Amino acid sequence: MDNATIAAIATPPGAGGIGVVRLSGDEAAAIAGRVFRLARTGRAPRLGPNASHRLFYGRVVDPEGGAAVDEALLAWMAAPRTYTREDTVEFSCHGGPVPVRETLRVVLAAGARAAEPGEFTLRAFLNGRLDLTQAEAVLNVVGARTAEGLRLAVADLAGDLGRRLGPARDALVGLLAFFDAAADFPDDEIPTFDVVAGLAEAEGALADVVVGSKAGMLFREGAQVALIGRPNVGKSSLLNALLRTERAIVTPIAGTTRDVVAETIALGGVPVTLLDTAGIAETDDPVELLGVERSRRALIAAAAAVFVLDGSVAPGPNDLAVARALVERTLDGGSPPVVIAVNKADLPDRADQSSALAVLPRSPVVSVSCRTGDGLTDLERALSALLGADVAQPALITARQHAALDRALAHVRDAALARAAGYPIDLLATDVRAALRAVGSVTGEAVDEAVLTEIFSRFCIGK
Ligand SMILES: Nc1nc2c(ncn2[C@@H]2O[C@H](COP(=O)(O)OP(=O)(O)OP(=O)(O)O)[C@@H](O)[C@H]2O)c(=O)[nH]1
Ligand SMILES: [Mg+2]
């Protein structure tokens with residue numbers, strides 16, 4: 001890190017209520033003094049430690065010639081109680097692209113350097129205000145797609161992931177300390193230490209986080225769910241009912257939906273994209289055939305499927321064909337799991353559905369009515385269980401963190417195997433050290449420059 005004072009526009013491009021230009025570094029106050037005049041006195045504000053965390057009202061001016069650039073509020077925050085732990089100034093300008101760009105221009109002319117993407121957060125990390133799990137959580141906070149996803153990311157921001165990795169880290173450090181000590185003792189005086197218990201503890205703590213991270217991925221990335229069935233069973237009605245709007249066309253005519261309609265809802269905090277598809281049927285109509293082809297493709301792309309049946313009539317050949325198509329996918333291994341929704345529960349006529357249900361004996365069955373809304377909550381619950389969103393402690397980790405923790409877990413398991421096979425301690429130490437390095441690359445205790453560059457390049461400029 002160089003110690004230049006950096007500056008960037010911190011708000012998104014375009015027009016808005018306000019636009020913020022941010023400055024961080026030793027020279028922040030001096031640079032602000034060159035480009036800001038108080039409305040009341042026409043002078044530069046006095047930005048010392050005693051005036052920290054205060055707002056000043058005035059104008060941003062071009063130091064070349066003194067022309068006013070914009071009217072603005074200047075927020076002054078003295079180190080170390082700031083995001084970066086450095087002196088920080090934020091100009092809140094009028095929220096148009098030109099006032100913020102001009103403000104940035106004069107700030108740069110007055111001595112600041114344009115910040116790289118994520119450089120403010122990088123400084124927060126390098127200055128010890130955030131560990132790496134918290135810095136990466138900032139990305140998840142910004143990118144959160146549901147309220148639940150945001151809650152998890154904010155918990156990580158407060159250090160949740162770092163804390164959850166604490167026991168694994170402590171166990172590994174304890175093992176290494178023992179290995180080092182053991183090397184220094186004569187054979188008959190080696191202190192006793194339960195290596196097996198230490199390894200088991202590290203393994204348990206790491207496995208918890210790795211399991212939770214699968215659910216965490218789901219909160220961040222979301223999942224696609226295909227609504228599948230023969231024509232006229234109520235797939236589009238179900239899409240509308242789950243969305244609580246009339247998004248898709250619904251008619252009593254079979255073959256209404258031709259194209260896939262995709263809409264996203266939050267299901268137990270997971271962003272779920274529902275794919276309403278054309279009813280799958282034997283048909284000669286070329287347009288309907290194309291629709292059926294798209295339904296099949298949607299099914300392949302989806303993480304799960306809702307198999308919709310019309311509960312008021314007995315399943316026909318088309319229903320059974322759809323059920324079999326779902327099972328074929330199951331046998332492929334890569335199949336989406338299925339929930340069966342027996343629709344139109346409000347109609348007095350009820351027909352036995354067992355011939356279709358028998359084809360998918362392991363899938364949960366929910367009775368619903370898109371007309372009255374009955375059973376929809378049960379269906380939503382069954383779906384989030386199917387997607388694996390009901391894990392007690394989801395961990396919102398990135399693919400990089402996931403890979404590192406997987407690696408750590410593998411090393412710990414190797415060490416346990418080596419121990420069971422009676423290998424000498426120094427062989428175990430290699431694996432334990434590698435596991436600790438992998439955990440350290442997540443928390444930031446052992447991380448190299450290239451990884452840092454890769455992580456922080458994913459941030460916006462100004463963050
Ligand atoms: N009584 C009753 N009718 C329903 C219910 N759900 C859907 N329907 C009716 O069933 C008919 C077909 O509904 P759609 O939602 O268009 O069915 P679909 O499965 O999308 O049909 P395609 O697009 O042709 O494949 C419409 O007349 C709906 O009003 C329900 O829960 N109860
Ligand atoms: Mg439809």
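Yeah, the Cβs are placed from backbone N, Cα and C, and that goes for glycine too.
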Listed in TrEMBL for the K(+) site shared with Thr251, Ile253, Thr256, one of Asn232, Asn240: Asn232
Of Ile253, Ala254, Ala278 (the binding-site residues), the residue whose Cβ has the fewest other Cβ atoms within 10 Å: Ile253
Sparsest-packed of the listed binding-site residues (Ser236, Thr251, Thr256, Thr257) - C-beta count within 10 angstroms: Thr251
Nearest recorded site to Arg22 ((6S)-5-formyl-5,6,7,8-tetrahydrofolate binding site) by CA-CA distance, among binding-site residues Thr251, Thr256, Thr257, Lys344: Thr257
Distance-selected binding-site residues near ligand 1 (C-beta under 6 Å), from Arg22, Asn232, Ser236, Ala254, Thr256, Lys344: Asn232, Ser236, Ala254, Thr256, Lys344
Cβ packing number for Lys235 (GTP binding site), 10 Å threshold: 32
Of Glu90, Arg129, Asn232, Ala278, Lys344, Lys463, i.e. the binding-site residues, those within 10 Å of Ile253 (K(+) binding site) when Cα atoms are compared: Asn232
Among Ser236, Ala254, Thr256, Lys463, the binding-site residues whose C-beta sits under 6 Å from ligand 2: Ser236, Thr256
Count of other CB atoms lying within 10 Å of the CB belonging to Arg22 ((6S)-5-formyl-5,6,7,8-tetrahydrofolate binding site): 25
